[in-house]
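Annotated in TrEMBL:
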type     : residues : note
DOMAIN   : 648-860  : domain 'YrdC-like'
TRANSMEM : 12-32    : transmembrane segment
TRANSMEM : 52-71    : transmembrane segment
TRANSMEM : 83-102   : transmembrane segment
TRANSMEM : 122-145  : transmembrane segment
TRANSMEM : 152-176  : transmembrane segment
TRANSMEM : 296-317  : transmembrane segment
TRANSMEM : 363-381  : transmembrane segment
TRANSMEM : 411-429  : transmembrane segment
TRANSMEM : 535-555  : transmembrane segment
TRANSMEM : 567-587  : transmembrane segment
TRANSMEM : 593-611  : transmembrane segment
TRANSMEM : 623-642  : transmembrane segment
Amino acid sequence: MASSDGFPASFYGEPGVLGMLSNGISAFLVLLQNFHTAHTGTAPAGVENILAGVHLILIGGVCQLVAGMLSFRKYDHLSGTAFIGYAALWGSYGATRIYFGASAQTPTIVPLPAQMMNNLSLSTNMTSNMSLTATMVIPVCHVCLSIKETAIAGLVPYILLSFLLAFCSATVNYIMPFVFGAITATLVFEAVGLVASSWALVVSGVLELLILIFAIYGSAALLGKGLTQRLVLKGFGTPLFNVLLLGTTNSGSAQRIGHEKKKNTKYAEPMALGFFCDTVAPFIFAFYSFGYMKSFGVGVAWVSIITVAQLFSSYYAHLRQDCYHTTKFGLHATYWLIKAWDEFVLSALVLEDGKVASGREAMVGNWFFVMAGVVLCVGSLNTDVLELIHNILFVLLTLSIPQIALQGYYIFFGVACSLFSAASLYCTFSRLINTIAEKSLIPVGPQPISSEMLKKALMCCRAKQGDQEALPQTDQGSDALFYISNGVAALSALHARSSSLNPAFLHLTVPWVLISGAIIQAYVSRLQVTGGGRFGSVIPTIYVAVWATWTWFRFSGNLLQLSAEAAYGFTAGAIALLVINAFLMLIAAYRNLVLLFLTSVMEVVLVCFLLSTLQRLPYELEIAMLALFSTICIYGALASLVNCIFSHRLLPMGPPLIKEKVRWESVPELPCPVAYSRLTSSLMKIAGFWGKEECANPRAIENIYNIKDRPAEKPICICISNVEQLVAAKPPFSPLLWEFMRNVYPGGISCIVSKGDWLFKLGVGPAYDRVGTKDSIMIRVPDHTVTGHLCDITGPLAITSANPSGEPDSTHHTMVINRLGHKLQGVLCDGDSNEVVASTVVNCLKIDEGTITIVREGCVPAVKVHQIFERVKSTMV
């Protein structure tokens, strides 16, 4: 962690204020209800519970989610994980309060269709004391059964995770451990209060009061720090204990140091959050599978909320250009969401003394999750043993499907969930500690197979082993998730014919097709929008409409008993989708053969859909096409993931059928002037846009904020050509600092130093107050000839990454032109960027005291920075 002195960019704007206040206010709301219940002996009911639940969702859920998102953008691993995790907790607890309020309703009589009556009488082995009639008395909120049991099942994993967060936060400061520790103790007594007497609610209320007090103090300390740029109140900046006391660096993981540096480290690592979610969801399923919960009506809310948090972990992995974790957490979120709504449907429709096993039907779509899990195992061979074990347990989890043995399905699934949850808990702890320490203190194991051996194994199908194509700009990190979501939807849609024979399939198939094909694919569409690809998210967006329409007509339509006139409306829609998909085939021809085959098969699938609206569907053709579509998807997922991990085409995707060669000189419609770095005249042209005076113009720096939509609290650093340019300004640096800078410049290290009048001599001029912070500034000397020569011409430059704020970095000048060209005076084109990772930021404000602090670890590992510093210190003695 960085030192508080100097307050680098990552400490500006304090989302911790919002996060801790959200926890404090949420605890206060629960406190009021607990004290009222303990005092009067009457539990809140009806509207009172519903209003309390809504407030918990808005304050503890939504507000804290915002705080977590801001923390991830500030490179704060712990706060980002904690705030989004607690947002899921308060949101789930708020939903439980709403269920409590809704459960106090009167029952109603619901008529059952005759066809469903026949199916239920055949598919359920009803006991002699249960009769089935044409009507069934079902409560308005019959899915609200087992509310208390579900709440306990959800609180237990949060207790364990909250304890881990409290322990990890003790290595950062000594305010958060008290806040998170109080939350942990509160959750324990909240769980006890659900089954015990009112004394547990009193203890819980006292602890919630402590949460409020600690949260108010912590928020005040952070707010004062942000406003005054000083530690007005104690609590932050000093940990309870040094994280390095937990162990020594694991030599077995030393080879992993370079892997993370390939990612975009401008955002905090979301891996701990992803494993956090993988702990909660299977834990709830384990309680349900072992029979502790009689209905999954409330459990679906807890699992759905935690999967939203897991999608955020996938999203921030995408922003970090980490395709492996983007795919992994996206796949897991899809699985948990589908399984939750699958069990919810069973809980709502098949009630036999609270048991649903007899109504369970085997879903073919589950086999795609098995194959996708194997794909992740292949991808994890390039990471560490812990990742591989975790993926193997996920495969075991997906193998627990009803085909193996319907009688023992839930037992097997419950055991698999228990093992997976335990592994995820350890993964959460190890990722958090290792991320905070920036070292591998908690063992995760070595890389199972070396990268070179894995490359050779994956390239065995190529004609020449040395033929490694660089990954084109059209390929994106979210492509694997695109293929997975479509594959699950297609394989699940195979139940279309079975549903005509067994109406239970109508209900069970809806979540499988709709969630994977529409909801998750809408998320994939969002990822591809930020990816900067030429065609953006066109294909996934259209396929969202395809699978949503398919579900509506083929499955929900039968349940709703659509009229013939309504079916003709779907006929017109199917024709429109056929025409649109023909254009998607043209787009796919610009990408690769796999995507072209996929869109071509989808054309045939849409023909089948059109025939089904006319009651002339050839089922055999549709089944064959859907199976072929799924097969293409599983290969596309494997190839996309492997190729993205290694940034080379190791597995063939096929060349684009249509190749367009564009000469920039022949395109007059460019949004801004362009110049080429190979020509000296081009550098002079770009320098002419600024001139000597423009570089020191505060308005020019204001334009940076406007062009990027950059938050005002994030300061700008300056770039110079070499150390000698800095020497000429005569800053009052110590000999140790000078020697350290000469050893790290030029390169991927940025140093934070004290500001002073020397900046005027350097050429910053009137822009003094617009660069850096009040007392410090970050200086960069990139190891790039073009940039260095440009700085020689213009003087120091205020620089930042050429991408809209919060989006992935631009790695090619075409991405800059496409995304920002209409706002720029000009672009200096230099092809592919060699620096796809942010620089390592070193706080040198206390270097004279013999210490430096790593503010952000980037392309240069922290271990190497400290080695350089120790070597420099030894030479200065």
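Any Cβ shown, glycine's included, is placed from N, Cα and C.
In the predicted structure, the domain 'YrdC-like' (648-860) carries a mean pLDDT of 79. The recorded stretches the transmembrane segment (296-317) and the transmembrane segment (83-102) share 3+ CB pairs below 8 A when only pairs 6 or more apart in sequence are counted, and are therefore in contact.
Highest Cβ contact count with the transmembrane segment (535-555) among the listed stretches 52-71, 83-102, 567-587, 593-611, 623-642 falls to 567-587 (criterion: pairs under 8 Å). Note on the transmembrane segment (567-587): residues 535, 538-539, 542, 545-546, 549, 552-553, 557, 596, 599-600, 602-603, 606-607, 609-610, 613-614, 658 of its chain, located 6 or more positions outside it, place their CB under 8 angstroms from a CB of the stretch.
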